[in-house]
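In what follows, a structure is listed as structure tokens, so that the remarks can point back to it.
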Amino acid sequence: MRTTEEAEGFDGEASNTSMISGASSPYQPTTEPVHSRNVLGGIRCDMEYLKSYFGILKAVEVVLSLIGFICIETIMMCSPCGGVYFFEFVSCSAFVVTGVLLFIFSLNLHTKVPHVNWSLTDLVNTAASTFFFFLSSLVLACINHNTGAEIAAVIFGFLVTGVYGVNTFLAVRRWRRGNGCQGAAQTSEYMRARTASRGEMEARPELG
């Protein structure tokens, strides 16, 4: 009997101890709901960008690149085929890369990755597309079999070259404007820090 009573006493003390320690423990269970993060929050179609010069030029570039690619794909026989393959690669690459950039900019996805210089990325893409489209169109114009598909591809190639050239010009202006504003901000911050440092030096008493 004594053993049973002692066991019951020990159980009661352990229960009281656990209740006291549970009440005084800083790690209490919470009943607050856990809200899941909305990863796609803030994504919306930016109609202002689509209506801007850059948005319109991007859309035209995508359409013309696709038309040029379709034209060159309709060619069944060619000899030599170097010009055809070169134009095919350039038109397909420009269509994919420019289409991805248009998708990113139109949905404001570039704001989710602020450490990437998107103005410089767009400038590199437009400049490279201008150069390679002009080169591939020129090669195809010199080496072709005067078929309707090749002539149409050359025409659309030079058209999209002009559009990419205008986009490159505007992208260079935007990139220079952005670098100028950034440089002015850095200069202003440097002058502000220098003025504050000079004020601290003047406020200090001179040493013996």
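Each position is counted from 1, following the chain as shown.
Yeah, the Cβs are placed from backbone N, Cα and C, and that goes for glycine too.
Feature annotations, courtesy of TrEMBL:
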type     : residues : note
REGION   : 1-33     : region 'Disordered'
COMPBIAS : 14-33    : compositional bias 'Polar residues'
DOMAIN   : 49-176   : domain 'MARVEL'
TRANSMEM : 53-72    : transmembrane segment
TRANSMEM : 84-107   : transmembrane segment
TRANSMEM : 127-144  : transmembrane segment
TRANSMEM : 151-172  : transmembrane segment
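If you count C-beta pairs under 8 angstroms between the transmembrane segment (84-107) and each of 53-72, 127-144, 151-172, the highest count goes to 53-72. If you take every residue in the domain 'MARVEL' (49-176) and average the pLDDT, you get 93. The helix, strand and coil residue counts that DSSP assigns across the domain 'MARVEL' (49-176) are 107 helix, 0 strand, 21 coil.
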